[in-house]
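Below is one structure; the comments refer to it alone.
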């Protein structure tokens, strides 16, 4: 600790010294003012040699006007102090600046007091030659001289001082210093604006555009004397699009102004400079820039305005160069003249960081990286052989799993003194197995969760490094992290080798079953994806296009956040971390994303299955005594949990196949319903096809009733194969619960707290809906772990309160760590969906609820109600009161039109009561809290919905998925406990009905429910595999393989087009192979406002950002900004393709910095045909060139217009 204290003190002292370096010199504005007086020309500049050194002095003369016969007389004085000239100025030279006109000029230099002539010279003066020299003359410092200029020949000559443009609402420089009045005697401000400076905070409109044109034409120098303007307007890009374009172009050297001086005072240690000034723009710094000598810049958080504007502002001075022209200004700013601006309140702006757009540095970095052919080389063996790709993928996942297991096994073990809790039963002798049972908080040491844990940690580190821009997100970076993670894991494993070896020896069977489950589940769904690998379907393609576009954009990202492929220049404003997590192994291996997509789905499926298995086995094991039969039952509980979680559906499939069997059996011909059912079933078993639509078996059970918009469950999620956020969050949710269980079982290692916080925290940027419920459950696990530590005491009510108080600091720290883990996401995210409203629409009917959750309700309900008859007197009172109270609440809610409360409320309260019965272990308490929470979620969606949701669609299916995952585990444990009670001897209940009755009733009810649930995979999986876009297309792993065989029929505004996708396929492949970096493209992205069409297809399959993609999805994700920001882009794309005005098309290309223009069947269908003739004209004019063409698609590359950068290099 003394070392840490010394380290902290040394760090604080070092930083204090670095910060004090800010004040080594004078204020940067004063320093810049001195530089201006010395270097920025007035109408007349005096130069010469003083003590052998060249010197120049700007004389306080604003204008010189020479007319024939009218001498111009000026007093000349050089100050030793103010001008820094302490010695006589030898061979003086007088230079007229900004000269207009020409002629022969006579110049006389006289001593002021005596008017004695010191010298006379004649010189032809004009713009090309304006200097007059006096040889053999010296000007003494602090002496007065008279200079007389007479035009001898010519009409007139004018010279003037420099026009300096400052920004309004900031301190104009040069300051008045040492007797010099900058704008009184030396320089002029702008005459084209009311106050002589540039009103950059005026609203962006045509008048402001004209102001920029006039001001930049007039100005000779532009001074940015702090980051007040260019830093703040960048945070409001929708309010100041033109102003931001001005600063980008000015600082990027694109307006013909060059940076000539740069003054700053930053914290500094030796050569290392901690740049604390916010500068979202890229600053081009030519060679020879004067001012503060540059150092080695170290990234550092940006200072607030008190420091950056007032305390130590950075001053930038730009000089107009011969490269300047009004055309450059118009080119840079005209695309934004008619852009609709968005005014935001302070809260709205803070809720949409940077307008949800990438700043210039990020945009340029993202566009420079992500070259497809480099990321996913076609010649790679993994892209030549699907088998090699599968093996390499599995090898990497398994390696991460083994490493993750070593870490999890070490951090989740309990302290040596811990036992199993009051209901663990008597211990066996102190053999290795018993020792493991006492120490392992998870029955397999966390092996079931190790693969997703390893994937999470490696991708998390990569995400943080790229999010902080410490290192780019590259394959080499990912491999370095993988190697480092494995090395750390091996070190941890070595330090804990005895415990891990003992665990493996004692639990090898559990580990083996878990691994077999993973491989089996992976292979099963790999076969499903091989059977139907297509990434789109004309009617049931779902949202794979969006998911694939976002996945590709993440894969191409250099830093985070990634650029939005459907909103060029924007950052993805969506919970995107899941794409980072699954994208890390894709990018590391370089597997073609269209193939890797179909490896990710089976991997997530298998990880979710293993997560359910690990939780089921561990929850059961937490209440058993650790002998071999108990271990076998724990494995059984785990396998049942996995089955419930991902291998079955709800009970609604009978509604699909039952009527079909009856129809097949002749019910329409008058056959009795039972007979028709049996006959149709036999015919189906004999091979007769069912008379139903091909999608009904996998689709319809998720829409069991009109009042339930989507009753999604995991098997449908994986079978439908949209790589959605809730799919990628499923294995993470189980990992989070595993940490909660480990905490409840007594794991206290600080590393477990940190890693658990990362696991929970990353649920937010993966699927934000999952964060609150799982945070509550893991927090409950932390509190329950304190209760478990006091094994000898009765529960009472004081112990939970005392435990909560003891755990409070840990819980607070845990929550803070979860927020810290997701910090790179939160600082860039803007949310518009933050409130809930009461739900007043149709409620779920009771029979529908039973259809969805009946399989789980049977074992859970039976086991909970059993407690009313077999528990002791006090527990029976508690459970009885909970039942009565739950029924009363359920009845009240049912009267309020929430009929499912008749079941959900009593079961919820029974589970809650069971969690606090005396004699329960903390893991068991957590199990029943999780069960109560699951039923609370199903009840919540009957009463509330997220404001802005489509009805309650997202609210319902997101929470239904969470409830399903939790209830899968709870029901599995309840099922095993119920079977033990019914069939392991003794009486299941104290009820007077015989034991045999309960056995038969329970078995029959569960068998019927399980049969109905199993109908879903039996019918849905073959149906989904067979329901392809083109059934004859090759099967395999390539998600794009369907395209060369598919025909597309699109209709819009009375026009119809049928075309082969082969043309788009070939063009997409060309772009993947030939486009460098990630430039912006323009294509038909919104399909006239129609969703789920063949629109934005180039962006989808290449990851390249398009101007705008699917309109509704972008409006949802950018709802915090308002619909117009998306609608305007849709209108601009339509105008670009439809307009016949070439200049307007050029302007739109510049507005969005478009590099490639797509012209295919979609573009021709959804836009005015008259506008397509302009493309050939633009080719002839040199604006475009044909980069690729086939019979259906032309790809034009925008020819860049070279802008002189004045030999600059970017800093």
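Just so you know, glycine gets a Cβ as well, placed from its N, Cα and C.
Caution: TrEMBL annotation is automatic and unverified by curators.
Model, not experiment: these values are computed from the prediction.
Among the ranges 575-598, 599-622, 671-694, the one that TrEMBL lists as transmembrane segment is 599-622. Cross-referencing 877-894, 1021-1038, 1039-1056 with TrEMBL places the feature transmembrane segment at 877-894. Transmembrane segment is the annotation TrEMBL gives to one range among 364-382, 421-439, 478-496, and that range is 478-496. Per TrEMBL, the listed range annotated as transmembrane segment is 448-466 (candidates: 334-352, 448-466, 543-561, 695-713). Of the candidate ranges 787-806, 807-826, 1067-1086, TrEMBL annotates residues 807-826 with the feature transmembrane segment. Between the transmembrane segment (634-651) and the listed ranges 478-496, 508-530, 807-826, 900-919, 926-947, the one holding the most Cβ pairs under 8 Å is 508-530. Nonlocal intrachain contacts for the transmembrane segment (599-622), taken as residues 6+ away from its ends with a CB within less than 8 angstroms of a stretch CB, comprise 389-390, 393, 397, 420-421, 424, 437, 441-444, 446-449, 451-452, 510, 513-514, 517-526, 528-529, 582, 586, 591, 630-631, 633-635, 637-642, 644-647, 714, 718, 721, 723, 727-728, 730-731, 733-735, 737-738, 741, 745, 921, 923-924, 927, 965, 968-969, 972-973, 976, 1037.
Just going by CB pairs under 8 A, the stretch in 448-466, 900-919, 926-947, 959-984 that sits most against the transmembrane segment (478-496) is 448-466.
A Cβ distance under 8 Å defines the sequence-distant neighbours of the transmembrane segment (387-411), meaning residues of its chain 6+ beyond its ends; these are 381, 440, 442, 445-447, 449-455, 457-458, 482, 485-486, 488-490, 492-493, 495-496, 499-500, 503, 522, 526, 585, 588-589, 591, 595-596, 599, 603, 747, 749, 751-752, 755, 1037. Long-range Cβ contacts of the transmembrane segment (959-984) within its own chain (Cβ-Cβ under 8 Å, at least 6 residues beyond either end) map to 608, 612, 615-616, 619-620, 633, 636-638, 640-641, 643-645, 710-714, 717, 726, 730, 733-734, 737, 769-770, 773, 852-853, 855-856, 858-860, 862-864, 866, 870, 911, 927-928, 930-931, 933-935, 937-938, 940-941, 995, 998-999, 1002, 1006.
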